[in-house]
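Participant: Pasting a structure here, questions to come.
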Amino acid sequence: MEGFFWKTWLVVAAFAIGGTSSLPHKPLTYEEAVDLAVSTYNGKSGEESLYRLLEAVPPPKWDPLSESNQELNLTIKETVCLVAEERSLEECDFQDDGAVMGCTGYFFFGESPPVLVLTCEPLGEDEEQNQEEEEEEEKEEDEKDQPRRVKRFKKFFMKLKKSVKKRVMKFFKKPMVIGVTFPF
């Protein structure tokens, strides 16, 4: 009987010293992390339309109990719903020509409170530029009967136009970086 008392006392003391949980946050599954990243983008990006998950690439080892940094990669697409409507994402269909964003998120669980840093940038712009360049080359071939100086003049302005357009697009299409803390 006396041995049972000391064993029980030892177990109670071990729990009191160690605590019931050594994690500073509740476990976060991969699906919850992706949902949190999408809702963070919708809430902090300043976009008029809501974005919904298009694809998520699960990492080989997502540990919901980890205190170290965790990375996730996802693709989101613009929907027909506006942010101001405050509708559920399940009710929102994708826009046919909606913007597609490639996002990388980093969860820093070692911080108190935990931190999410989300970086998103537009996808698919290179295809549009290549299509425009092909159309311009076709126009140039059709205009081969023009005098030489007209051709040079047009070629110069086409290069100038491409350069200006490229710089403007690069300036306005910088990746969006969002950093937030979230309580658990």
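Including glycine, each Cβ sits where the backbone N, Cα and C put it.
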Participant: Cys81 forms a disulfide with which residue in Swiss-Prot, given the options Cys92, Cys103?
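Facilitator: Recorded disulfide partner of Cys81 in Swiss-Prot: Cys92.
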Participant: What are the non-local neighbours of Cys81 (disulfide bond), defined as same-chain residues 6+ apart in sequence with CB under 8 A from its CB?
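Facilitator: Counting only residues 6 or more apart in sequence, the Cβ neighbours of Cys81 (disulfide bond) under 8 Å are Ser49, Leu50, Arg87, Leu89, Glu91, Cys92.
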